[in-house]
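Per TrEMBL, the features are as follows:
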type     : residues : note
DOMAIN   : 10-230   : domain 'Glucosamine/galactosamine-6-phosphate isomerase'
ACT_SITE : 67       : active site, proton acceptor
ACT_SITE : 136      : active site, for ring-opening step
ACT_SITE : 138      : active site, proton acceptor
ACT_SITE : 143      : active site, for ring-opening step
SITE     : 146      : site 'Part of the allosteric site'
SITE     : 153      : site 'Part of the allosteric site'
SITE     : 155      : site 'Part of the allosteric site'
SITE     : 156      : site 'Part of the allosteric site'
Ligand SMILES: N[C@@H]1[C@@H](O)[C@H](O)[C@@H](COP(=O)(O)O)O[C@@H]1O
């Protein structure tokens, strides 16, 4: 697990975006795993700017989103499909037919989950998966107690997650308590994982993810088992890490090596 600690949320977004940009420059046909929430918004903005400056193209890209609320149609303003259109897809040269979000309004959500897994597999698997993290350590909507090898399925949201996400819904609006989410096993199958976290409200979850025991109590801690996981965080989110200085030292050494090899 590589831990990159940066000064500000903006630096986190740019560092994360450049991982995607470099990958797309090398491999324009990439399959990207995407995330919602407030954290990735600045990263998406950086990708939009890079696309508009013609530094990167999404014409051959396929995307799979992590999760969706069960019971919300893609046209619903609080659906994650709508979020992705607004925050990214409407502003880049991607073919929307190649963008996939779990179908929140599927008549049979159980078989829709299996189909989503098959579609990812048929695309050749995910090259880079972007993740945010919930305050309780969830990734996607894999809440604490999720199986560490779970696949795409219907998940019940915890009250903590419902409360955290209530800010996006009007007071009298229907807020789903169920979701469809890629499983932890699905996420671990991605060739690379990039998790972003910013702000002090994420410090406990980041600590449990990086330095806690691997446990279903903190679903993101399963990333300790991933061969290529990068955790990009700001100082506030890193505040509780015991080995913070060591991670910074490693990152400086990595950068030196990349410069020597002409790969920076
Ligand atoms: N399902 C999403 C997660 O994928 C996201 O990581 C989390 C954190 O969101 P934020 O970045 O707004 O803190 O929110 C939601 O619950």
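Using the three backbone atoms N, Cα and C, a Cβ is placed for every residue, glycine included.
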Among the active-site residues 67, 136, 138, which ones place their C-alpha within 10 angstroms of the C-alpha of residue 156 (site 'Part of the allosteric site')? none
To the nearest Å, how far is the Cα of residue 146 (site 'Part of the allosteric site') from the Cα of residue 138 (active site, proton acceptor)? 9
Of 67, 143, 146, 155, 156, the recorded positions listed, which put a C-beta under 6 Å from ligand 1? Please answer none if none do. 67
For the recorded positions 136, 146, 156, which one has the sparsest Cβ surroundings, going by other Cβ atoms within 10 Å? 156
Measuring CB to CB from residue 143 (active site, for ring-opening step), give everything in the same chain under 8 Å that is also at least six residues away in sequence. 134, 136, 155, 156, 157, 158, 161, 219
Compute the C-alpha separation of residue 67 (active site, proton acceptor) from residue 153 (site 'Part of the allosteric site'), stating it in Å without decimals. 10
DSSP secondary structure for residue 136 (active site, for ring-opening step), reduced to helix/strand/coil, please. coil
Is it possible to get the count of other C-beta atoms within 10 angstroms of the C-beta of residue 138 (active site, proton acceptor)? 27
Whole-number Å distance between the CA of residue 153 (site 'Part of the allosteric site') and the CA of residue 138 (active site, proton acceptor)? 15
Taking DSSP as the reference, which of helix, strand or coil describes residue 153 (site 'Part of the allosteric site')? strand
Can you check what DSSP calls residue 143 (active site, for ring-opening step), collapsed to helix, strand or coil? coil
